[in-house]
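J.: Let me give you the structure first, and then I'll get to my questions.
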2 protein chains.
Amino acid sequence: MSTAKYLTGDSTAINEFLDKFDVFLFDCDGVLWSGDTVFEGVPETLNLLRTKGKKVVFVTNNSTKSRQDYVKKLAGLGISADTDDVFGSAYSSAIYISRILELPPNKRKVFVLGEAGIETELRSENVPFIGGTDPSLRRDMTPEDYQALADGSALDPEVGVVLVGLDFHINYLKLATAFQYIRRGAIFYATNIDSTLPNARSFFPGAGSIVAPLALMTGQQPTSFGKPSSAMMAAIKGKFELDRARTCMVGDRLNTDIQFGIDGGLGGTLAVLTGVNKKEDWEVEGAKVVPGYYVDRLSDLRSAT
Amino acid sequence: MSTAKYLTGDSTAINEFLDKFDVFLFDCDGVLWSGDTVFEGVPETLNLLRTKGKKVVFVTNNSTKSRQDYVKKLAGLGISADTDDVFGSAYSSAIYISRILELPPNKRKVFVLGEAGIETELRSENVPFIGGTDPSLRRDMTPEDYQALADGSALDPEVGVVLVGLDFHINYLKLATAFQYIRRGAIFYATNIDSTLPNARSFFPGAGSIVAPLALMTGQQPTSFGKPSSAMMAAIKGKFELDRARTCMVGDRLNTDIQFGIDGGLGGTLAVLTGVNKKEDWEVEGAKVVPGYYVDRLSDLRSAT
């Protein structure tokens, strides 16, 4: 069994660790901040890495925000970033659909279950879409809706993809509509499948909770473009031309962040203990996912010399 | 492998079949009607059974309607019935919660995700509840909701059960609220877990689609009180003092209706081909659920002498 090397308080080990990597991929929630509160010393730690010539990339599964929204959030917490430094599951999905997926010319529209972040990213890649935040879908079903969904007259024949992310305005009409598209052959994609979303020191329904009804009804599991999917890693690698061996994933969740780094063949993974998982979670007999390194908190890296 | 005996057109076999049973439990949708259209000859067939002294019971998984609602629907289709002839998953749930489940005195309230049918049945059993069709839950989440759900101030401390059925008004606030109750220890029940609901000759999200997000988030599968659960059979048996050997389940779905009859140890099961399953579904090598008898349509039983 592999073991995780503990770096907190060990300047020599931290120096050796930092020397191994040129690029650091950061999960955000639980690593940099919790909700709207940035962890102490995080902006300074990111500055230190940049001073040492490291590339810093923010990798998030939250598809309700676009890259621009994240740049604003980072700035508000004292962390400077460009849009190109941010990689979200909405963007990852949009890139895949526009650049890799080959759809027939008459099936290029995406039906979106989700929020504005997905719409912004699809728009930035010139992918046509319907649904999403369209206010005409935020209402109860009528008897006419049942008929028009069943006979297909309420459906857009050009929809070839259903893309599902976290939708704070989920309702029966949207679920029924997405289901009809998938059962008529639309490809079923998810921005990510996290069951919950942390907020206010608790947990709330995540994108996986919007995916779950459709997976049950259709008997299909969607391809997901969030961590730990290989599609997300392929999209990041395509964009940044990463040397995987010189790249390290930093995160708080074993089953998304650390798994993502390991499955993606990165040179290293660094776990922080400020989020979901604790060291007891990988220090058990038969632990499936073990990080390469860990620190109590990200700012412990500041003892580098 | 057992085989199903085909009764259509065989008066002798139908007479022998009818002589074996005193009670017939009928699934409704796909057996008696589709949507709002009754199948030809069904009222006459039910009258024939009653003339022969058979007890006829209607057993439905649809929890959006109460027993009274079903009596009205049956009457509208030309089938007379009393409330006591109807057994629905909402009623089955209410009976279990009121008569079998032993809750601490300060944990007796039920948080309902569902429609008026569940509320009517809980009320008939004097079970206190909140949620359901309460219009104050039919709205978007606010930042205050996140805080109040996370710190528990929005939660009723007397809620000891979350009961989930089909909710045509499902939304993020309701899912988040139900999740908070379950993660704080409330018992997780479902009226039924059908993934879809037939309507307008197509399929729409069923109760299982409302259950799925909560099952994913909590990591728990709820106890279900619909077919094919043993809880439904126990409740029916308790109410009617059935002789199981002299009771036959009639239905169109192998994995709910016929399974329900077999698991419940009934003397017989009769499949009809007017709904979901076809005879090819059980006439395959290794079929798991095989009915005892089948007819093309229920009204074929009228050739009894």
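Quick reminder: no glycine exception, Cβ is built from N, Cα and C everywhere.
Unlike curated records, TrEMBL annotations are generated automatically.
As listed in TrEMBL for this protein:
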BINDING   B:ASP27, B:ASP29, B:ASP252  Mg(2+) binding site
ACT_SITE  B:ASP27  active site, proton donor
ACT_SITE  B:ASP29  active site, proton donor
BINDING   B:LYS227  substrate binding site
J.: Within 8 Å of the Cβ centroid of the Mg(2+) site residues B:ASP27, B:ASP29, B:ASP252, which other residues of the same chain have their Cβ?
T.: B:CYS28, B:GLY30, B:VAL31, B:LEU32, B:GLY251, B:ARG253, B:ASP257, B:VAL272, B:GLY275, B:VAL276
J.: Measuring Cα to Cα, how many angstrom lie between B:ASP252 (Mg(2+) binding site) and B:LYS227 (substrate binding site)?
T.: 12
J.: Can you tell me how far the Cα of B:ASP29 (Mg(2+) binding site) sits from the Cα of B:LYS227 (substrate binding site), in Å?
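T.: Counting only the Cα atoms, the answer is 13 Å.
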J.: Are there any residues at least 6 positions away along the chain from B:ASP27 (Mg(2+) binding site) with a Cβ closer than 8 Å to its Cβ? List them or say none.
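T.: B:VAL59, B:THR60, B:LYS227, B:MET249, B:VAL250, B:GLY251, B:ASP252, B:ARG253, B:THR256, B:ASP257, B:GLY275 - these are the non-local Cβ neighbours of B:ASP27 (Mg(2+) binding site), listed in sequence order.
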J.: Helix, strand or coil at B:ASP29 (Mg(2+) binding site), per DSSP?
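T.: The three-state answer is strand.
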J.: Highest Cβ count within 10 Å among the binding-site residues B:ASP29, B:ASP252: which residue is it?
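T.: Compared across B:ASP29, B:ASP252, the most Cβ atoms within 10 Å surround B:ASP252.
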